[in-house]
Amino acid sequence: MIKVDHLAKRYANVYAVDDISFEVNQGEILGLLGPNGAGKTTTMRILTCYMPATSGTVTVEGYDVFRDSVQVRRQIGYLPENVPLYPEMRVKEYLSFRAKLKKVPYRERKKKIDESIEKCRIIDVQNQIIGTLSKGYRQRVGLADTLVHDPKILILDEPTIGLDPNQIRQVRQLIKELGEKHTILLSTHILPEVEMLCGRVIIINKGKIVAMDTPSNLAIQLRAGNNITLEIRGNGEKIKNAFSEVQGVKKVIWQGNGAINHYTLEAEKGVDVREDVFSSVVKNGGIIREMKQASITLEEIFHQITTQEQEVTL
Amino acid sequence: MTSVGTIFQREINSYFLSPIAYVVIAVFTIFSGYFFSIMLGITQETTLRYSFAYTQFILSILTPVITMRLLAEENKTGTIEPLMTAPITDFEVVFGKFLSAWALYNIMIAPTAFYIIFLAWVGSPDYGAIIASYIGLILMGGLFISIGLLVSAITKNQIVAAVIGIVALLILLVIGLASSGSEGWFYDGLRYIGTYDHWDTFTKGIVDTRDVVYYVSFTALLIFIVVRIVESRRWR
């Protein structure tokens, strides 16, 4: 659907986007994840033909964003960051203006507008003035605008920024529903959002792609040290020493608390030490009350990837 | 080109949803009416020529108020982004906005038609001169609006756009007016660039091709520059 090839964008002497390539496939929800200023918005602006690239090519459905810009724009519904709208217009009036701009044929216009109003659940505010709407409703009006010409691709820049938790949940639910019919590229710096919505993630930092995979694969790839936490009834000291002898265990942290002891074991990468740990506890007369493998969340991966470089240089 | 109509319609609605349209129409009517009655009292002539000479001054102040928000507001609120990512060309956006401001300008000057009725009632005015004056007034409006649009395109602040627009229009008026008694190529040049001389010809009842060409070509050039400025975000 979208093919980005060695894309770069330079502002003065700084590369906001530095040689990135990726593809967005039909029907998927792809997340662009990165800290603020990583180049997410710039990438999206190039994809939506708002600004041209310094070098590299982007094709949308086979159309080049620079040469067939108007064709590309017809395929795309774009929700810019912070959802700029005309505050003096009424919701329905605005959508009708946008539908006309996007060349929705006269016969279908009313139907398309009503459909997008219904999908985004803004029926109860459709005759209100946009300036009087809450942020959550404005966001949904923006989404309704992206849908009004029934585009194949939706590009959403930080769709949940600035909303309260309830509104975030509603907007996410909405995006999930839209993902069934449209190909979606969304950007965010909120990690649970990506885990919840996206089939695939691209993590970008300082204009470069640092990782690209499914959220769960990323977690596996990056499981640098597998942590296991245990709660054991038994002789704390003795069991601790036994753990240090188990093959594959790199580090043992022991927090004694009388009869009940808590341990955190760090195992070597790719080694599953759980069974050996179990038998060594049993051998030393302990009783396992709890054993848990801590799964790495995207949050940690994100933190690792985006800070790794700095930590090396410091 | 249907997009031009869409933009035009939105801008016109927006003018009448905000106080701007009503304010400029009211202010213009008050001042032009004042000058009309004063000049009629002094000259005792059934003509619009003398009062229209002052009208240019009011228009220099009011037209930038009409145009100040056109692009400055879109730049400021960021609505330029969804606008420019819709399947529409930069020219269509600029031209639609230009036409909407021009339409408001024409609505603003429409109440002066009442003065003609009044003149016809008290005497017998020269209708040819009046028609020529209106052609000049409408053409001059196009030029003023394209100047205001240019200023609005280069700033994010409406007030700044209005002030720079007013200053630019007053300079354009003054360079022609101040050099009207002087001779030589320099003053001839200033008179040609300035709006005063061209406008004066129309109020005398003469529709000269040179003046029509001046207004139309100047306006077209400015619209072309505005389109380039709007495009410039692509290579800035």
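Each Cβ is built from the backbone N, Cα and C atoms, and glycine gets one as well.
The shown structure was predicted, so the numbers you read here are calculated from the model rather than taken from an experiment.
Residues 48, 50-51, 54-55, 58-59, 62, 65-66, 69, 104, 107-109, 111-112, 115 of the same chain lie 6+ residues outside the transmembrane segment (B:20-42) yet bring a C-beta within less than 8 angstroms of a C-beta in it. Residues or ranges marked as transmembrane segment by TrEMBL: B:20-42 (among others).
Residues annotated as transmembrane segment in TrEMBL: B:54-72 (among others).
TrEMBL lists B:93-121 (among others) with the feature transmembrane segment. Counting same-chain residues at least six beyond the ends of the transmembrane segment (B:93-121), those with a Cβ under 8 angstroms from any Cβ of the stretch are 3-12, 15, 21, 24-25, 28-29, 32-33, 36, 46-48, 51, 55, 62-63, 66-67, 70-71, 83-84, 130, 137-138, 141-142, 144-146, 148-149, 223, 226-227, 230.
What TrEMBL lists as transmembrane segment is B:127-152 (among others). Distant neighbours of the transmembrane segment (B:127-152): 47-49, 52, 55-56, 59-60, 63-64, 66-72, 94, 97-98, 101-102, 105-106, 109, 116, 158, 161, 164-165, 168-169, 172, 195, 198-199, 201-207, 211-212, 215-216, 218-219, 222-223, 225-226, 229; these residues of the same chain sit at least 6 beyond its ends, with a Cβ under 8 Å from one of its Cβ atoms.
Annotation source TrEMBL lists transmembrane segment at B:159-178 (among others). Residues 56-57, 59-61, 63-65, 67-69, 72, 144, 147-148, 151-152, 190-191, 193-198 of the same chain sit 6 or more residues outside the transmembrane segment (B:159-178) yet have a Cβ under 8 Å from a Cβ within it.
Long-range contacts of the transmembrane segment (B:212-230) within the same chain: residues 71, 84, 90-91, 93-95, 98, 139-140, 142-143, 145-147, 149-150, 153-154, 192, 198, each at least 6 residues beyond the stretch ends and with a Cβ under 8 Å from a Cβ of the stretch. Feature annotation from TrEMBL assigns transmembrane segment to B:212-230 (among others).
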